[in-house]
Amino acid sequence: MNPQAKLIFALSLTLGTTLTISSNHWIMAWTGLEIHTLAILPLISKSHHPRAIEAATKYFLVQAAASTLVLFSSMTNAWHTGQWDITQLSHPTSCLILTVALAMKLGLVPFHFWFPEVLQGSSLIVGLLLSTLMKFPPITLLYLTSPSLKPSVLMTMAILSTALGGWMGLNQTQTRKILAFSSISHLGWMAIIIAYSPKLALLNFYLYTLMTAAVFLSLNSIKALKLSTLMTTWTKAPSLNAILLLTLLSLAGLPPLTGFLPKWLIIQELTKQEVALAATIIALLSLLGLFFYLRLAYCATITLPPHTTNHMKQWYNNKPTNTMVAVLTTMSLMLLPISPIILAVV
């Protein structure tokens, strides 16, 4: 792709995100979401492969429908209350429509079907953008409107997302689809807490972005799109594979790694709010996610020859690891001891 075109799309993505997260008026937020969606479409379809075109089409249709619902929800609220302010969403029908619209934008169950397919049709770098940056504006809108939304609806969606995200990721062989279901599962954790402690949901999103970026960039540097390819990459970059094992375990939420921090805080907050049953269910459902992270980790590092893959061994790669990967993996593993500072800042 032409560097000037890439620059324009990157600037449009930044503009769309900034416009949505900094606006008080629904129309400005909606405009930001539209710019955001239109900027990512050429990046998804740039390979001109039929699957990439299909992914871009699916993404456009779902996001256009969700944006329409956001606009409809805000207009209904303005009709009944005379308010266009994002934080003044008070009409019950508007709140319900907005919950559905943002669930579609994010890929929460039962509006998750598009997300694994779109991620599978994209490259790993575009997949990283779809899993992190593209979810930032909808999460911000959820954060701003969280006092008006129904906790029961969000909790139902959250538990279903964690269950289906874990369940459907179990038998996948494509790394992008596994990471898509991982994203759906993590969104469940954010959705369950956003009505009770919105700041905690944002903290969860930031740490999830950090860990997912580390995994996507690691997979991109060893060019692993399938589990069978991942089995032979230990010859190419042994040290990166060893660190990938720990990053995946951090994404699963095992102590003493960074990923344990949001899960621990969310379970603590849910218990304080007297919804210990939901906390127990979501904690148990996260074990499904742990299984497929362990499967990925096993394929990346523990599978030693001779094994049953028909792939050729790859040449040892003597290039130094990308600095961004090094920084992100370090942060994905070592932020738990400084959690009091993180909480003080948040």
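Keep in mind that glycine also has a Cβ here, set from the backbone N, Cα and C atoms.
Residues or ranges marked as domain 'NADH:quinone oxidoreductase/Mrp antiporter transmembrane' by TrEMBL: 23-288.
Across the domain 'NADH dehydrogenase subunit 2 C-terminal' (290-343), the model assigns an average pLDDT of 76. Taken from TrEMBL, the feature domain 'NADH dehydrogenase subunit 2 C-terminal' applies to 290-343.
Within its own chain, the transmembrane segment (96-115) has Cβ neighbours under 8 Å at 33, 58-59, 62-63, 65-67, 69-70, 72-74, 76, 89, 130, 135, 137-139, 141-142, 145, 149-150, 153-154, 157-158, 160-161, 163-165, 180, 183-184, 187-188, 191, counting only residues six or more beyond its boundaries. Positions annotated as transmembrane segment by TrEMBL: 96-115 (among others).
Look at TrEMBL and you will find 124-146 (among others) tagged as transmembrane segment. Away from its own ends, the transmembrane segment (124-146) comes close to residues 13, 16-17, 20-21, 29, 32-33, 36, 40, 43-44, 59, 70, 86-87, 89, 95, 98, 102, 105-107, 115, 118, 176, 179-180, 183, 187, 190-191, 194-195, 198, 201-202, 205, 208-209, 212-213, 216-217, 219-220, 225 of its chain (Cβ-Cβ under 8 Å, at least six residues beyond either end).
Per TrEMBL, transmembrane segment is recorded for 152-171 (among others). Same-chain residues lying 6 or more positions outside the transmembrane segment (152-171) and placing a CB less than 8 Å from one of its CB atoms are 96, 99, 103, 108-110, 112, 116, 177-178, 181-192, 194-195, 275, 278, 281-282, 285-289, 291-292.
Outside the transmembrane segment (178-197), and at least 6 residues removed from its termini, the chain residues within Cβ reach (under 8 Å) are 103, 106-109, 112, 115-116, 119-120, 127, 131, 135, 139, 142-143, 146, 149-151, 154-155, 157-166, 168-169, 172, 204-205, 208, 212, 215-216, 251, 262-263, 266, 269-270, 273, 275, 278, 282, 285-286, 288-289, 292-293, 296. Here TrEMBL flags 178-197 (among others) as transmembrane segment.
Sequence-distant contacts of the transmembrane segment (203-222), counting only residues of its own chain at least 6 positions beyond either end whose CB sits under 8 Å from a CB of the stretch, comprise 124-125, 127-128, 131-132, 135-136, 139, 175, 179, 182-183, 186, 189-190, 193, 230, 233, 236-237, 240-241, 243-244, 247-248, 250-251, 258-259, 261-262, 265-266, 317, 321-322, 324-325, 328-329, 331-332, 335, 342, 346. The annotation transmembrane segment is assigned in TrEMBL to 203-222 (among others).
Sequence annotations record features per position, and here TrEMBL assigns transmembrane segment to 243-265 (among others). Residues 182, 189, 200, 203-204, 207-208, 210-212, 214-215, 218-219, 283, 286, 289-290, 293-294, 296-297, 300-302, 329, 331-337, 339, 342-343 of the same chain, all 6+ positions outside the transmembrane segment (243-265), place their C-beta atoms under 8 angstroms from a C-beta of that stretch.
Look at TrEMBL and you will find 277-304 (among others) tagged as transmembrane segment. Long-range Cβ contacts of the transmembrane segment (277-304) within its own chain (Cβ-Cβ under 8 Å, at least 6 residues beyond either end) map to 155, 158-159, 162-163, 165-167, 169-170, 172, 175, 178, 181-182, 185, 188-189, 192, 224, 227, 230-231, 233-234, 241-242, 244-245, 248-249, 251-254, 263, 266-267, 270-271.
The transmembrane segment annotation in TrEMBL covers 325-345 (among others).
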